[in-house]
Amino acid sequence: MGDLPKGEFSAVTLHNNMLEQVVGSGASELLLHSYRRSFNGFAAKLTNEEAEKLADMEGVVSVFQSQKKELHTARSWDFVGFFEHSRRTVLESDIIVAVLDTGIWPESESFDDKEFGPPPKKWKGSCQKSSNFTCNNKIIGARYYRAKGDYPLEDLQSPRDSVGHGSHTASIAAGAVVSNASLYGFCAGTIRGGVPSARIAVYKICWYDGCYDEDILAAFDDAIADGVDIISLSVGGFFASEYFSDSIAIGAFHSMKNGILTSNSAGNDGPYYASVVNISPWSLSVGASVTDLEFSHAILYYRSHLFLLDRISTFRLGTSINTFDLKGKFYPLIWGADAPKYSSSESRVCLPGSLNETLVKGKIVLCDYLDFMEGPLQAGVVGALIRDDGFKDFAYTFMLPALVLGLTDGRDILHYINTTKKAEAAILRSTEEKDELAPYVASFSSRGPNILSLDILKPDITAPGVDILAAWSEATTVTGVINDKRIVPYNIISGTSMSCPHATAVAAYVKSFHPTWSPSAIKSALLTTAWPMSPKTNTDLEFAYGSGLINPSSAIDPGLVYDAGEIDYIKFLCGQGYSSKQLRLVTGDNKTGCTKATNGSALDLNYPTFALVVSLSGDDTYFSRDFHRTVTNVGSPVSTYNAIVNAPKELDIKVKPNVLSFKSIGEKKSFVVTVAVKVGLPTVSGTSVWDDGVHKVRSPVVAF
């Protein structure tokens, strides 16, 4: 996906001519999409042999197979210290947030355009015509993409959201202020996006069956040309890919070239190491953390008739957002394996059609598999208990009264069923409580290290992503399952999909105060001002939370920023082994190339964080490396910063020079950070801080 050729050209003609050299006649029927507004490339139907032939042609950067990507699915802003009355600027209304997702539900109060003026003059986008969708002065643009043309039956062929995910992420980032919002009374109160005065541009790239690379690239192509300020993309692959084989990394690179920061979700494959998927250094990768609101375990009561005693035991056992109220009534309790329709191996996990309706109807069933409980609902059960060995730091929503038990509690319940003639239980509605340990990173949030570039710390930062209330599509249900009868305007879900738009909003907030700042400067402001997180509740350290928890109020005044531009990333890519030919085609500059002068180390990319990969060799006791960095003064014109290092004894951090004096805004100063660590230790980390008495420009230092 290279830069656009200079001068006038016909992308479709150029791309058809290239295809004809590979497939002969009929090339136009194979061409799915031409990217021609912001970068040069196309998507086409090819065999493996044809793809290999195309890859060998002059002028081709890379050819990769389209992959399906997945969605990384109200007091969160207050929790991070970003209140409704926080300092704002009138330029916030000129900020355009591009949301690449499942579309949007325009009738939601979160997207009401009351008191909004016309779109900013810089806006060059459009509202794609659709019989069931109109834009307004809040949603100023909307497009949808499906290059293959085979629209899923469950979906709406328009920018309208029929999944819910896109409406949710858009309202977290830039939703208007809405009072009295809740999910059946849960999280009740006023909700808002981080930049409620900003505009939203919608690019529907995801459908019921996923998000495809050719559509992702088409949306990037349009969003860049449309004049958006920030791109938010809560989508990712199943694993990290090479930079020029990853549609998101390619799109984000061209966004960066055009002064647009791309905010990405880190992925939901935690707590496993090296599971973070969106890892390009020119984009922002966001992990998910909890707020101090948690849903207490839906309370389970059961009555024991052993020894003719009528004894009630009360347990806080499982986790769920149980919106149903059974009024404390007791119902018979049965294990799914004891009620098979055909096979107990199927009924124990309560698969649809596996339960004997006669045996389970009107009862609470114990299941050994976690899903939406469609099977028990079909069989006519009153409620369900689910035995699961997964993490319990976020809540599930089910189609009927249900809660998730740990294996130990589930075993105890099964023992009770097997030893009691009339086992009974009552499931009560969930309650909200305060999580005293917050903030900490959610178990599902993908972890580092960055397997493609170990010297670049990923994820970059964390933001609230657990049990977030936000707008929802009324074309779907609470769980997204058809048999669920609950249609709601607001829903509570969890994922790095929710943390990503939180960070997007903070980036947009910073942009509203500093409209000329580069994407890397905005990113630096977020990272160096983040709230530190406790290693006691985050044992994976920076591999879980990056620089820490977003701190919007401080991000607008970071003091110093680590700036980087296209040439810096070119040097980085040269050092990663990419060829001059590849880079010239991507940049569109024939002078770009990899030489001794441009072959840069990832260690020296002007990044706000420091990651040291310890290489074991010989009998060395310590392993050390130098990191070269440059900071730009954006704080007080005349200021002096002192280097303050905080590290355990096993990690030695030296900064030279350790004092930086500035005389003007925009002045740059360079320094070297030398990191040495004792060989053979597990991951160890510290911090390096530039402090002028007002600003604390904090960078994590990680050795592993």
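Backbone N, Cα and C atoms are what each Cβ position is placed from, and that goes for glycine too.
Taken from TrEMBL, the feature domain 'Inhibitor I9' applies to 11-72. Summarised as a single figure, the pLDDT of the domain 'Inhibitor I9' (11-72) averages 73.
For 93-548, the entry in TrEMBL reads domain 'Peptidase S8/S53'.
The active site, charge relay system annotation in TrEMBL covers ASP101 (among others).
What TrEMBL lists as active site, charge relay system is HIS165 (among others).
The active site, charge relay system feature in TrEMBL is assigned to SER497 (among others).
Residue counts for the domain 'Subtilisin-like protease fibronectin type-III' (604-702) under DSSP, helix first, then strand, then coil, are 1 helix, 59 strand, 39 coil. Feature annotation from TrEMBL assigns domain 'Subtilisin-like protease fibronectin type-III' to 604-702.
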Residue pair HIS165 (active site, charge relay system), ASP101 (active site, charge relay system) - Cα distance, angstrom, rounded: 7
Helix-strand-coil residue split for the domain 'Inhibitor I9' (11-72), DSSP-based: 25 helix, 14 strand, 23 coil
Fewest other Cβ within 10 angstroms of its own Cβ, chosen from the active-site residues ASP101, HIS165, SER497: HIS165
Distance [Cα-Cα, Å, rounded] between SER497 (active site, charge relay system) and ASP101 (active site, charge relay system): 10
